[in-house]
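Novice: One structure is given below, represented as structure tokens, and several questions about it will come after.
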Amino acid sequence: MSGAALGLEIVFVFFLALFLLHRYGDFKKQHRLVIVATLLAWYLCFLIVFILPLDVSTTIYNRCKLAVNSSPAESNGSYVTLAPSKQKCFKPWSYIPDGIMPIFWRVVYWTSQFLTWILLPFMQSYARSGGFSITGKIKTALIENAIYYGTYLLIFGAFLIYVAVNPKFNLQWNQLQTIGIAAANTWGLFLLVLLLGYGLVEIPRSHWNGAKRGYLLMKTYFKAAKLMTEKADAEENLEDIMEEVRKVSESIKYNHPLRKCVDTILKKCPTEYQERMGRNMDDYEDFDERQNSYPSEKSLAKLHKQVIYSVQRHRRTQVQWQILLEQAFYLEDVAKNESSATRQFVHTFHSQEPENKIIQYFYTPTVEWYWECLLRPWFYRVLAVVLATFSVIVVWSECTFFSTKPVLSLFAVFIQLAEKTYNYIYIEMACFLTIFFLSICVYSTVFRIRVFNYYYLASHHQTDAYSLLFSGMLFCRLTPPLCLNFLGLTHMDATISHKNTQPTAYTSIMGSMKVLSFIADGFYIYYPMLVVILCIATYFSLGTRCLNLLGFQQFMGDSEMTSDLIDEGKELIRREKRKRQRQEEGENRRREWKERYGNRDDSTRSRAVHTDQKESSFSETNANRPLSKYTRSNGRTERDRIELLQDAEPLDFNADSVNDDPLESESGR
């Protein structure tokens, strides 16, 4: 089993990162380099979280071996036995041979740092560039990142000059490397505590509120009202951008040097706009530089960038609106089925996607009713209590992990108790649950936060390239300080425990923080205590209240604006529900009409075609008669009229084909 656990986790984490990226990204439409870079960043960060417990168990075994080798001992099979105390050092099932972990951590860490500080920022600018060639996009990305890279080079150069001039400092290369790592971890720890303080409170509270059907339904109505506003804004913005594209397309003709750039912009537009612009364009008209003023290539690049952004935003809001409608309809169905006497879950609308037959066989309407109406609320309450308990333990340990005598950190107590008995499975499970919960609190906050429309991770393949790359940057900057914080909570870091023991392989590549004592003994220890203040602020929703005061509508139960948006969202959902009901009723009537009169219409059409063939042959034989063409024309017109009446389907005046909005009907004409 030596190294087998490491290989299995490497493969499992890869497919986990691939699954999450497929949920948020779009493999078909987004650039391959964006997909590969984001996948690599997510994969490396998740890999650190899953492999670190194996590093801890291997380190504990190595410490035991060192203790055994320092006293008289005898070897016996796969473990070493101390002569006086008969203590045994069993080799863990997931033991990783010496020399593998340091190389592994060094490759993973420096690759992630290269991604987050150099490659991903450059690719962000490249992805958002509106250039029409690879060279133009690279040039734009370099110009945008010149200040970003120049600031770091200036700070690093000033520090090197200061060290070279000052005789008190005699720093070597490994010490400079440690200073760079400490600076990166300090920046990451500053952001880590902010996200952790939010996640420790919001995750248990969201699961507790998930058991409240009325709460979820009211919040869905609130989201519907906000999303409708955003959806209307996205449609208006897209119309404005398409109008600019139309003007540019009409002014720059087919033989203009910039026509290739215009064609590139048109390919990014939706299909209906492309067809409309193609009909209104006259490609046979030459351009005249003297009479007309044409846009420059720089302005076309800016327009290209706006088209990409507006089309992506419009598509995202459309998809999110449909998903939100399904959620609202389902929550309303749950509220109706709670009082059902038959105890069978009845849906208002059938699922538009085909369901798996295996799921249909086991997840019957009766099972669905018991799960949704009885079991699921209690399951969410129990899960919320468990998560809240974990949050309390984390907050307590963050405030007391610096105390070594006595040991107050509960995570350190658990690990030390298991270390005495060398129960490696318990050690790995305790370490995995601890760092997994910390990662969920931090990473889920990264997935939830939204910075206007510049950064937003939207599921169902609706996340743009910029947001994907930005999330990869955040993960790579947050994961190393998260792991160091975990090792400090469990007292596996020698800087915290103040013991002269063998460090973990992950700690060894970070170097000794004694080079910067004010960071190792000050910032790393006392700054995480701020998580208490952040948890209190999150519990009382201070950030939500501040955003609400600034004009950003947030869901608050005691706010008049929230009540108005809930009422507006409820009316929107009710309107969409009636619309879908009319649509299904119309489809059912059409289906019944085809099933009832389909065969009769087919026979009538065949007879009409046969009669038409006979009369046409008869008219050909009598072509010399003077009035034959008029008679045949009138007969054909009458027969065409009869066939049209036979082919016609019943008109549903309640269906969506009848438009209630005169503006939309006018635009359709």
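Cβ from N, Cα, C; glycine included.
What TrEMBL records for this protein is below:
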- 6-21: transmembrane segment (TRANSMEM)
- 33-52: transmembrane segment (TRANSMEM)
- 103-126: transmembrane segment (TRANSMEM)
- 146-165: transmembrane segment (TRANSMEM)
- 177-201: transmembrane segment (TRANSMEM)
- 224-251: coiled coil (COILED)
- 378-396: transmembrane segment (TRANSMEM)
- 425-446: transmembrane segment (TRANSMEM)
- 466-489: transmembrane segment (TRANSMEM)
- 523-542: transmembrane segment (TRANSMEM)
- 576-669: region 'Disordered' (REGION)
- 582-617: compositional bias 'Basic and acidic residues' (COMPBIAS)
- 618-634: compositional bias 'Polar residues' (COMPBIAS)
- 635-644: compositional bias 'Basic and acidic residues' (COMPBIAS)
- 658-669: compositional bias 'Acidic residues' (COMPBIAS)
Novice: What parts of the chain pack near the transmembrane segment (466-489), using Cβ distances under 8 Å and only residues at least 6 beyond its ends?
Specialist: 21, 24-25, 30, 34, 37-38, 40-42, 44-45, 48-49, 52, 56, 109, 112-113, 115-116, 120-121, 123-124, 127-128, 181, 184-189, 191-192, 195, 394, 397-398, 401, 409, 411-412, 431, 434-435, 438-439, 442-443, 446-447, 454-458, 495-496, 504, 506-507, 510, 524-525, 528
Novice: Taking every residue in the coiled coil (224-251), what is their average pLDDT?
Specialist: 93
Novice: Is the count of Cβ pairs under 8 Å between the transmembrane segment (523-542) and the transmembrane segment (33-52), pairs 6 or more apart in sequence, 3 or more?
Specialist: no
